[in-house]
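Here it is, the structure, as structure tokens.
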Amino acid sequence: MVFSVRQCGHVGRTEEVLLTFKIFLVIICLHVVLVTSLEEDTDNSSLSPPPAKLSVVSFAPSSNGTPEVETTSLNDVTLSLLPSNETEKTKITIVKTFNASGVKPQRNICNLSSICNDSAFFRGEIMFQYDKESTVPQNQHITNGTLTGVLSLSELKRSELNKTLQTLSETYFIMCATAEAQSTLNCTFTIKLNNTMNACAVIAALERVKIRPMEHCCCSVRIPCPSSPEELEKLQCDLQDPIVCLADHPRGPPFSSSQSIPVVPRATVLSQVPKATSFAEPPDYSPVTHNVPSPIGEIQPLSPQPSAPIASSPAIDMPPQSETISSPMPQTHVSGTPPPVKASFSSPTVSAPANVNTTSAPPVQTDIVNTSSISDLENQVLQMEKALSLGSLEPNLAGEMINQVSRLLHSPPDMLAPLAQRLLKVVDDIGLQLNFSNTTISLTSPSLALAVIRVNASSFNTTTFVAQDPANLQVSLETQAPENSIGTITLPSSLMNNLPAHDMELASRVQFNFFETPALFQDPSLENLSLISYVISSSVANLTVRNLTRNVTVTLKHINPSQDELTVRCVFWDLGRNGGRGGWSDNGCSVKDRRLNETICTCSHLTSFGVLLDLSRTSVLPAQMMALTFITYIGCGLSSIFLSVTLVTYIAFEKIRRDYPSKILIQLCAALLLLNLVFLLDSWIALYKMQGLCISVAVFLHYFLLVSFTWMGLEAFHMYLALVKVFNTYIRKYILKFCIVGWGVPAVVVTIILTISPDNYGLGSYGKFPNGSPDDFCWINNNAVFYITVVGYFCVIFLLNVSMFIVVLVQLCRIKKKKQLGAQRKTSIQDLRSIAGLTFLLGITWGFAFFAWGPVNVTFMYLFAIFNTLQGFFIFIFYCVAKENVRKQWRRYLCCGKLRLAENSDWSKTATNGLKKQTVNQGVSSSSNSLQSSSNSTNSTTLLVNNDCSVHASGNGNASTERNGVSFSVQNGDVCLHDFTGKQHMFNEKEDSCNGKGRMALRRTSKRGSLHFIEQM
């Protein structure tokens, strides 16, 4: 009550009392609130007696996966003491989140099961009691003697507890308080376990400990929900009833790093319960059985131990269980004194399941994911490789390995990269060696799924592998892809139609793999590219399946919706890239359809002539490949026509085919003609999808390509003999030996390849037309064969031809410099004509293939396609149209009227029509300006005359003339090389030849008894 005594506002004594009372009430309320808050804070941790020294040890996973230890000593802290006695040494702290009114605080409630996905949090306490005067704790078996005497007894206890929790959990947080007076160590810990990890394993490892599942936690609306045990320590969480294992459950003390991990038999998982896993009591001494609505499979632990009964307890809220049969991870021996047995896959003792449709590998946490070094990862991979080397693999052990690989996929990328290829091989080998009785089997884990189906190669049906729900990965084999899948791969029914007979017997199973994370597929060479989908793969009994009559279709959902303006590529993992480390390649893969959330891929190729020497063996854009294809086929068609004309000309007219260069040219034209014809027929024959016919066409294409290369090299070798070995050189059956090399060596190479494996050749798709139809082509399928027998073979020929080309050019320059003043000089056009003709004759233009790389790839592909497909056309121009003696033969026999030449018009002349009569016999005698050469094997000369005509005299006195430096004799066919390849010795001759003075040179030919007069070019 307030009284106003005065108007001036003075307050009476009663008013002062009331004001004081109000202030006192406010202080009491604040005190109550503060005390309540302190009580709730103290309930969140395990506290030791007042005189105790409290040590808080926090383990947080560091960046490299190794727990970092932080120790804080708290002195003179008043804490509530956990009641303890000699008989009961372990208590569970119940963390309360209810206020004084009994109502749960209505703040942001986090459902941990929705956060953890495949894990669960547990809270537990344990109290160790030890004898202060003993160097070894009473209830522990210390096998690592190095710790004794170095650490204090409490530190030793804490160290062993740390190792146990580190081994059994994904992550954990621990806080310990030491009571020296009572010789006790009280520890409270929060651990994160995999949702299929049996919590009794922790109870077995930690003697007399109780574990409580954590479910709901309340936190401030400004704070995100927790994801680690450290964050949970700061919050108020509900604890469910403790998990109780029966009294006769195998117990064991905490163990050191040298001991094996104590694990108990798995509890039965009832998949009928959609969101809960119940711990039921399995029968003693029996394999653990996972009950599913469909046929049941029995799975036996690796080292069978008497199964302890597990009492029922409230269900743990976990993600929905797969309707597949689960198998446990490797379990080591558990007893009161556990022997040092290592958990490995090398010596499994597993019983085969009686009826198995699909098997799901549960993600049991028995190994450390965040290892301290790459050596730990390598040891785990090595254990799996050793187990696979033993042969057949049972489903439960295979499931354990799949789960092990799944956990390793979450290791740091820099540590995982060196082992990526080995892990991929482990996954493939698991599918190859998996032993199962039914038609199909599947193994799933959080990040990896594998499915294997038994097939009959002769009656294979269209099969679709489907992966669904990345949060709870499930796979299935369907006849068609569902709409809600995250990845599918469809194999056509014609998948194995083109397999060889011996491979048909091996193709008894098809394996599918799905990787939820691309950890094993890191390509450092990618620039401005990133993987936006999951990874899916398929293989047929580890065989190389090519020659598909229908494409394989792959549909992959994007992890994040892609932007419309970005370019999406379909790629595959090429194990040969990046020095054998593997890398992404889009060779042969194209986008069939692109949507906002998914991409449909298919594989095919377009074929251009450049694919024969495409060193990178990669494809370009469809529009460019279409243009290259048109250029290729038009060029090959023109070359075939003009090569045929060249062959008919040189074969029909005897006078122009007598010399060696002409005979070699005939062989080269024949090889190029056959190469172009087979290439033109290849794509047409590929449409029939006949394996034997396709292999035959590919073999002939390869053979004629090598023959063409070889005759180009023989052209260069012939020029070398003419320039360097002019004198004292005689080769018996010269052209016959050239033919044996030119046609025989490629035949040997192709025969060796066929002997090794005919499957090195076959049908392949090398691109796609803009309308989506594939362009199939019969060619070399094996990259090693291609690079050795095509690229390597061509490199040798190309280097020889380039060297010879340079030598010829240098020699021509020297000849021109030696000419006397006033002598007739060639024009620049003539020089360019000679160089161009030599370029196409020696196949120098094939060298464009070496520059078809990087940003100039397309440019050189165009140059390659234009010049090499038209090689036959250019040979016709330079060696038929540009040669006057060939033109005269055409005019004589093919023309009529004024264009027709008379029989002997300006072609064949005797030695008296401009030259003094002279006798040519065995040997040649000349004046002091002449050059004579003789040997035991040959005694013939060739006379080169710098004139517009030439006279060739044989032993019988017959002679012939020609222009442009190509000469031949009438009877024996002895010839010289083309004039631009001759090594000439000039001398003056005071005789007229064809109305002019000439300079003459002598050169030896390969036979006896003939003298040739050839004009200077």
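Each Cβ is built from the backbone N, Cα and C atoms, and glycine gets one as well.
Straight from Swiss-Prot, here's the annotation block:
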- 301-366: region 'Disordered' (REGION)
- 308-320: compositional bias 'Low complexity' (COMPBIAS)
- 321-335: compositional bias 'Polar residues' (COMPBIAS)
- 344-366: compositional bias 'Polar residues' (COMPBIAS)
- 462-619: domain 'GAIN-B' (DOMAIN)
- 570-619: region 'GPS' (REGION)
- 608-619: region 'Stachel' (REGION)
- 628-648: transmembrane segment (TRANSMEM)
- 649-667: topological domain 'Cytoplasmic' (TOPO_DOM)
- 668-688: transmembrane segment (TRANSMEM)
- 694-714: transmembrane segment (TRANSMEM)
- 715-737: topological domain 'Cytoplasmic' (TOPO_DOM)
- 738-758: transmembrane segment (TRANSMEM)
- 790-810: transmembrane segment (TRANSMEM)
- 811-834: topological domain 'Cytoplasmic' (TOPO_DOM)
- 835-855: transmembrane segment (TRANSMEM)
- 858-878: transmembrane segment (TRANSMEM)
- Asn868: 3beta-hydroxyandrost-5-en-17-one binding site (BINDING)
- 879-1017: topological domain 'Cytoplasmic' (TOPO_DOM)
- 918-939: region 'Disordered' (REGION)
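Help me understand the surroundings of these features in the structure.
The average per-residue pLDDT of the prediction over the domain 'GAIN-B' (462-619) is 73, rounded to a whole number.
Per DSSP, the topological domain 'Cytoplasmic' (649-667) is made up of 15 helix, 0 strand, 4 coil.
Long-range neighbours of the transmembrane segment (790-810) within the same chain, counting only residues 6 or more positions beyond its ends whose Cβ lies under 8 Å from a Cβ of the stretch, are 612-613, 615, 702, 705-706, 709-710, 712-713, 715-717, 719-720, 723, 749, 780, 835, 838-839, 842-844, 846-847, 849, 980-981.
Away from its own ends, the transmembrane segment (835-855) comes close to residues 610, 613-616, 665, 668, 708-709, 712, 715-716, 794, 797-798, 801-802, 804-805, 808-809, 861, 863-864, 867-868, 871, 874-875, 878-879, 882, 980 of its chain (Cβ-Cβ under 8 Å, at least six residues beyond either end).
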Go through 668-688, 694-714, 738-758 and flag the stretch with the largest number of C-beta pairs under 8 Å relative to the transmembrane segment (858-878).
668-688
What same-chain residues lie close to the transmembrane segment (668-688): Cβ under 8 Å, and 6 or more beyond its ends?
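For the transmembrane segment (668-688), the list is 607, 609, 633, 636-637, 639-640, 643-644, 646-647, 650, 694, 697-698, 700-701, 704-705, 707-708, 710-712, 715, 742, 763, 775-779, 841, 869, 871-872, 875.
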If you draw a 10 Å sphere around the Cβ of Asn868 (3beta-hydroxyandrost-5-en-17-one binding site), how many other Cβ atoms fall inside it, taking every protein chain shown into account?
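Neighbour count, Cβ to Cβ under the 10 Å cut-off: 27.
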